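Okay, so here's the structure we're looking at.
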Amino acid sequence: MLVCIPEVLSKDEVAEFRRIMDAAEWEDGRATAGAQSALVKRNEQLPPDGEVARQLGARVVRALLANPHFVSAAIPLQIFPPLFNRYGEGHHFGMHVDNAVRGDPLTGLRIRTDLSVTLFLAEPDEYDGGELVAEDYYGTQEVKLPAGDLVLYPSSSLHRVTPVTRGTRVASFFWLQSMVRSPQARSLIYDLDGAIQGLAAELGQDHAEVVRLAGIYHNLIRTWAEV
């Protein structure tokens, strides 16, 4: 399941992020890549242990947890501290799959990577190329979103970033461990939640059928959640 979520950050927040990031020091993006990924990764990133990445990352996490669409789709248990990258002309990231487990040396956090996230911080017309191409159960999907929007997709997906041929692609990227390990179960819960919200808008939150379906939703999470 690949899910696009709009306006996680406002345009003003994106502009502020970009001002701060433009003034920071960047390093080779291969510093955080696994052995296989490092062979196909060509970009730059903010040092993960630097103050800029940590402060901006904390703001991203707060925005995520305040976004009902994100929480519904991800059912997050642990969110890895967000990282930040940029792709200039000629930069790309070849086909790869993300590491199954990620560890943060600063906090000691270790997570199973159930979902990968890209939060776009550059408008599509700022650069050519730079599309995220992901292969999942539904085939190959190509994503290039407005600044402030994010895409959420299974970390088990083969994916790549196409070469940037003009301008600069800027983004935050990170992983999360969901309370619900199974992507199929998570997709069912997400679809059910969407149906409940639609019925609640039409019938009211206190309608008997809405209440009954909400109970089914919570019981499914109770059945599948690992906390």
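The backbone N, Cα and C atoms fix where each Cβ goes, glycine too.
Quick caveat, the model's predicted, so the values are computed rather than measured.
Fe cation binds HIS96, ASP98 as Swiss-Prot records it, and from the list HIS69, HIS159 the residue named for this site is HIS159.
The average pLDDT for the domain 'Fe2OG dioxygenase' (78-178) in the predicted structure is 96. Of all the binding-site residues listed (HIS96, ARG169), HIS96 has the fewest other CB atoms within 10 A of its CB. Its own atom aside, the Cβ of HIS159 (Fe cation binding site) has 25 Cβ atoms within 10 angstroms in the protein chains shown.
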